[in-house]
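Here is the structure we will look at, set down as structure tokens.
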Amino acid sequence: DFRPDPTLTNDELKPTSPEMRAFSGLELASLWVGLVVGVPTYYLAGSLVELGMAWWQGIATVVTANMILLFPLILTGHPGSKYGVSFPVLARSSFGIRGAHIPTLLRALVGCGWYGIETWIGGEAIFLLLPAAAKRSSLAANVSWLGTSPLEFACFAAFWLAQLGIVWRGIDGIRELEKYSAPVLTCLTAGLLLWAYRAAGGFGHMLELSSRLTGSEFWALFFPSLTANISFWATVALNIPDFTRYARSNADQIVGQVGLPVFMGAFTFVGVAVTSSTKVIFGRVISNPIQLLGQIGGVPTKILAIVGISLATVTTNIAANVVAPANALVNLAPSRFTFRRGALLTAVLGVAFQPWRLLKSSESFVYTWLVGYSALMGPILADYYVVRRGCLNIGDLYTLSPEGAYYYSGGYNAAAVAALLAGILPVVPGFLRKVGILEKVSGLFSGIYDNAWFFSFFTAGILHVIFSLLLSKKTGTHDRQVQEPLLP
């Protein structure tokens with residue numbers, strides 16, 4: 001008899017019913033097409049080639065990172081497909097009914113920031129592909145109090161508004177967007193690759209890009225790069241139950257997740273191949289795909305470029321950066337927030353982050369602060385698979401009764417919070433050095449930061465199990481691990 005506490009649930013937080021489970025494996029895979037095809041992903045392997053790797057080493061590093069991430073991705077997706085619960089509800093089992101706000105709001109903070117950044121990138125695409133006369137006008141001049149030009153801000157605002165129409169339709173709108181965008185984005189990507197191949201007379205120049213690194217230099221670059229590439233999608237892997245709860249079965253969610261390493265490998269190959277071909281075509285390397293499309297010329301090409309980049313940015317932004325913050329806000333106050341309201345507030349906060357200032361003044365901060373987020377995933381997976389052995393009591397996820405399995409102490413699980421801190425704090429010194437706040441740190445902290453995903457994930461996970469066992473022995477309590485059927 002499912003009688004949830006009204007302060008802990010609404011229509012968005014309830015387990016999905018069988019009729020709501022419509023995502024096939026192909027549709028979940030198409031979600032990854034929409035996520036992968038975008039401006040930031042285009043740079044990944046190319047940036048490693050610029051640092052001295054051979055072209056194939058750069059692509060192999062990206063693929064290896066995503067093959068590693070595939071395992072926690074599938075594991076985190078399982079409770080979503082099995083019980084139909086979202087990430088905030090799943091987090092209640094490990095962090096506590098109230099403690100779940102810690103990981104969900106941290107994830108929401110990242111999502112809001114990235115929503116603003118991706119929206120700015122989409123607005124930049126519109127601005128850079130505008131006629132030259134418009135970009136020379138007085139509206140294109142910087143305004144000091146705004147931090148950018150009125151014309152650039154107008155492009156940003158236009159892109160911001162365009163996304164709201166899709167967001168307002170909720171998960172069904174996102175599903176349709178990703179489903180129908182995937183073949184379009186695939187065709188546009190293939191078209192860009194074919195153009196580069198024909199214009200450069202093949203990919204001979206790319207194949208000539210051999211490694212400039214010695215063996216020791218390669219490995220010194222490989223491990224930090226591996227960590228960075230794992231971290232690239234680590235936050236999406238954290239809240240993947242928000243999507244797998246709509247999967248028709250666990251088999252469908254597994255098939256869908258395999259799309260990540262496949263499409264990442266294919267798209268990073270396109271990024272390296274096209275970037276290397278620009279040296280032959282234009283006499284200089286053009287690594288920015290937006291600038292490249294502006295150079296190709298022709299009104300039809302520019303229109304197609306605006307559509308392609310806008311579509312790629314929207315599909316990435318909405319799936320990766322709206323769903324998690326919206327669900328976190330719903331979990332924070334179910335009586336006040338629906339998914340739509342949460343998504344709207346996410347979009348507003350994305351503007352409040354002022355991404356144009358964030359990108360110009362502290363780009364290193366934006367692209368290096370995600371490495372410690374694997375410490376959020378460690379306790380959740382350790383709790384679900386080791387402590388609870390894959391069994392959840394659905395009713396207790398929605399109750400404030402002190403007798404509930406996930407109430408712990410005042411609604412907080414001290415074991416999970418302590419494990420989370422233990423996984424994040426050792427990464428902080430290396431991060432502060434990376435962004436220039438500290439001039440120097442010990443080799444130990446530098447090594448931890450360079451391998452932060454592995455360190456935080458396993459440290460937080462192992463400590464969570466140890467702390468959970470110690471606390472259960474101390475209190476003499478045993479959680480009720482009841483595998484219940486899916487409830488509507």
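Glycine residues also receive a Cβ, built from the backbone N, Cα and C atoms like all the rest.
Within the chain carrying the transmembrane segment (22-43), a Cβ under 8 angstroms from the stretch's Cβ atoms is held by residues 118, 121, 125, 175, 177-179, 181-182, 185-186, 189, 232-233, 236, 243-244, 246-248, 251-260, 263-264, 267-268, 270-271, 287-290, 309, 312-313, 315-316, 319-320, all 6 or more beyond its ends. Taken from TrEMBL, the feature transmembrane segment covers 22-43 (among others).
For the transmembrane segment (55-75), same-chain residues at least 6 beyond its ends with a Cβ under 8 Å from one of its own Cβ atoms are 44-49, 206-207, 209, 211, 218, 222, 225-227, 229-230, 232-234, 237, 240, 253-254, 257-258, 260-261, 264-265, 268-269, 272, 276, 377, 381, 385, 457. What TrEMBL lists as transmembrane segment is 55-75 (among others).
According to TrEMBL, the feature transmembrane segment maps to 108-130 (among others).
Taken from TrEMBL, the feature transmembrane segment covers 150-168 (among others).
Within its own chain, the transmembrane segment (180-198) is flanked in space by residues 29-30, 33-34, 37, 267, 270, 273-274, 277-278, 281, 289, 296, 304, 308, 311-312, 314-315, which lie at least six positions past its ends and keep a Cβ under 8 Å from the stretch. Taken from TrEMBL, the feature transmembrane segment covers 180-198 (among others).
Residues annotated as transmembrane segment in TrEMBL: 218-240 (among others).
Summarising the annotation, TrEMBL assigns transmembrane segment to 260-283 (among others).
Summarising the annotation, TrEMBL assigns transmembrane segment to 303-330 (among others). Tertiary proximity for the transmembrane segment (303-330) is limited to same-chain residues at least six positions away from its ends with a CB under 8 Å from its CB atoms, namely 10, 12-13, 31, 33-40, 86-88, 101, 104-105, 107-109, 111-112, 114-115, 118-119, 121-122, 125-126, 129, 159, 162-163, 166-167, 171, 174, 177-178, 181, 184-185, 188, 235-236, 238-239, 242-243, 289-290, 293-294, 296, 337-343, 345-347, 349-350.
What TrEMBL lists as transmembrane segment is 342-359 (among others).
Annotated transmembrane segment per TrEMBL: 365-386 (among others), in sequence order.
Nonlocal intrachain contacts for the transmembrane segment (406-432), taken as residues 6+ away from its ends with a CB within less than 8 angstroms of a stretch CB, comprise 92-99, 102-103, 368-369, 371-372, 374-376, 378-379, 382-383, 393, 396-397, 399-400, 438, 441-442, 445-446, 448-450, 452, 455-457, 459-461, 463-464, 467-468, 470-471, 479. Per TrEMBL, transmembrane segment is recorded for 406-432 (among others).
The transmembrane segment feature in TrEMBL is assigned to 452-471 (among others). Same-chain neighbours of the transmembrane segment (452-471): 72, 94, 227, 230-231, 234, 371-379, 381-383, 386-387, 414-416, 418-420, 422-424, 426-427, 430-431, counting only residues six or more beyond its ends whose CB sits under 8 Å from a CB of the stretch.
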Of 108-130, 150-168, 218-240, 260-283, whichever stretch has the most CB pairs under 8 A to the transmembrane segment (342-359): 108-130
Do any residues of this chain, six or more beyond the ends of the transmembrane segment (108-130), have a C-beta under 8 angstroms from a C-beta of it, and if so which? 38-40, 151-153, 155-160, 163, 235, 290-291, 293-294, 302, 305-306, 309-310, 313-314, 316-317, 320-322, 324-325, 328-329, 346-347, 349-356, 358-359, 366, 370, 373
